[in-house]
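*Asks:* Marked as domain 'J' by TrEMBL: 12-102. TrEMBL lists 47-70 with the feature region 'Disordered'. If you look up TrEMBL, you'll see 60-70 marked as compositional bias 'Polar residues'. Per TrEMBL, the feature domain 'DPH-type MB' maps to 120-182.
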Amino acid sequence: MSSSPAAPGGHTHYTVLGLTRKLLQEQAADQSQQVIKRAYHRALLQNHPDKYPQLKGDGSTASDLTSSRSPAKSDVLTIDQISTAYKVLSNTKLKADYDRSLDLAPNNQGLKREEAFQTGIENVDLDDLEFDEGQECWYRSCRCGNSRGFLFTEGDLEEAGENGELLVGCQDCSLWMKVHFAIVDE
């Protein structure tokens, strides 16, 4: 499962989930698992087969109704690719073996590809975000067009703990936002 540094299509397990090694290394172990799980869910939603019914097995489109926003068949990841990436990156031993295989890849091929695919991480203060009192959540629009791309609740802040930072992924794309906050004792 972790022997090949690149998944089919030239993706690493990190790029399949829209992550980088550096991003995960900067997180505490428990937060790293949360980030991997969120990225896994987002990748499943973005690449769900029902989302692209116009793609036939041969890569052509079913009709002329597809727009320039529709991805080519090679751009859509399979559920197997996403599941394998999640299984490897969420298991400490498999991830360590996989990271070693990336480091040993000819010309560091896997690592260079991953570094070329950098997701955006914006640093923001909690006070700079909008708060929806009805849904009891903070949100911020993303440049991908989702007006509530970055969305989280007080429960998410509590899970982040005393670290004072919460990493939030956009619901529709691979961008990330790091929310800085202070815990106030009441």
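Note: Cβ is positioned from N, Cα and C throughout, glycine not excepted.
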*Asks:* Summarise the domain 'DPH-type MB' (120-182) by DSSP state, stating how many residues are helix, strand and coil.
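*Replies:* Its residues fall into 13 helix, 26 strand, 24 coil.
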*Asks:* Averaged over the domain 'J' (12-102), what pLDDT does the prediction give?
*Replies:* 76
